[in-house]
């Protein structure tokens with residue numbers, strides 16, 4: 001029953017996170033003080049890094065105190081139990097949040113049929129938003145979710161070293177996300193987004209090549225911290241940008257749809273595609289090709305969305 005329960009738990013987690021991510025981002029954008037929307041919304045992604053830190057720290061601790069057989073038999077359940085204990089607190093916190101002034105000031109709220117119609121009328125924005133998120137979700141899954149497997153299976157580093165790198169990368173993400181958001185408030189979303197996609201294109205594969213040619217704990221840490229900088233700066237600007245490009249009446253639905261599609265198509269498949277690329281090409285740095293492709297998607301989407309920003313978005317009535 002254990003695998004089935006894990007599957008059900010992951011499905012429930014996915015349903016809740018997919019719906020709540022857009023809502024939280026838009027909520028933070030609407031309560032932000034003038035000129036600080038990027039900084040405020042960056043804490044949505046920042047909170048995810050806390051989860052990565054806790055998960056990596058628990059994994060590191062379990063590997064330090066338990067034998068591998070014990071972890072396989074029962075130790076893997078400990079993080080799940082810890083995660084379940086947080087649920088009641090989150091439920092209570094969520095129930096006590098008040099609606100934003102911007103939301104309550106709206107006199108007209110669309111019916112479900114109108115929400116779907118508005119999203120269809122602006123399908124180009126949703127698809128472009130998905131492509132913009134592709135850079136974020138691919139980089140995130142590469143440097144956090146796939147990193148322990150990459151370090152252990154491909155670079156032949158110890159599980160403890162790989163998990164420690166993941167922990168330090170999460171701390172780095174936590175630092176750079178609000179920096180990226182704040183810089184996008186000061187200089188604009190577009191310059192930060194374009195600069196980071198170009199940096200990813202120029203350095204993702206070369207950096208991973210350096211790591212593949214000289215695998216070590218310090219080299220893996222250095223390379224992933226660099227990619228963490230790119231991810232944090234880009235995502236810090238991308239989240240507020242995504243809240244701004246969606247029609248106000250369907251902002252949460254449009255944000256959530258674009259983000260979920262990108263996560264399903266790009267982020268979720270990053271570990272599988274990275275493994276397949278390594279096996280097919282024989283190049284241990286080939287996951288850099290996948291990140292570069294995602295960077296191209298982000299660059300094209302950014303240029304498209306900000307070129308058409310003067311065009312009024314359509315709302316289906």
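A Cβ is built for glycine as well, from the same backbone N, Cα and C atoms used for every other residue.
For 1-310, the entry in TrEMBL reads domain 'Major facilitator superfamily (MFS) profile'. Among the features that TrEMBL reports, transmembrane segment is placed at 6-29, 50-70, 76-94, 115-143, 163-183, 192-211, 217-234, 255-277, 289-307.
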Task: Chain residues in Cβ proximity to the transmembrane segment (255-277) (below 8 Å; excluding those fewer than six residues from its ends, i.e. six or more beyond) - done: 18-19, 21-23, 25-26, 119, 126-127, 129-134, 136-138, 140-142, 145-146, 149-150, 242-243, 246, 283, 286-287, 289-290, 294, 297
- [ ] Could you name the stretch, out of 76-94, 115-143, 217-234, 289-307, with the greatest number of CB pairs under 8 A to the transmembrane segment (192-211)?
- [x] 289-307
- [ ] Count the Cβ pairs between the transmembrane segment (115-143) and the transmembrane segment (217-234) that lie under 8 angstroms and are 6 or more residues apart in sequence, then report whether there are at least 3.
- [x] yes
TODO: Could you tell me what the rest of the chain brings near the transmembrane segment (289-307), counting residues at least six beyond its ends with Cβ under 8 Å?
DONE: 125, 128-132, 134-139, 142, 189-190, 193-194, 197-198, 200-201, 204-205, 227, 234, 238, 241, 245, 266, 270, 273-274, 277
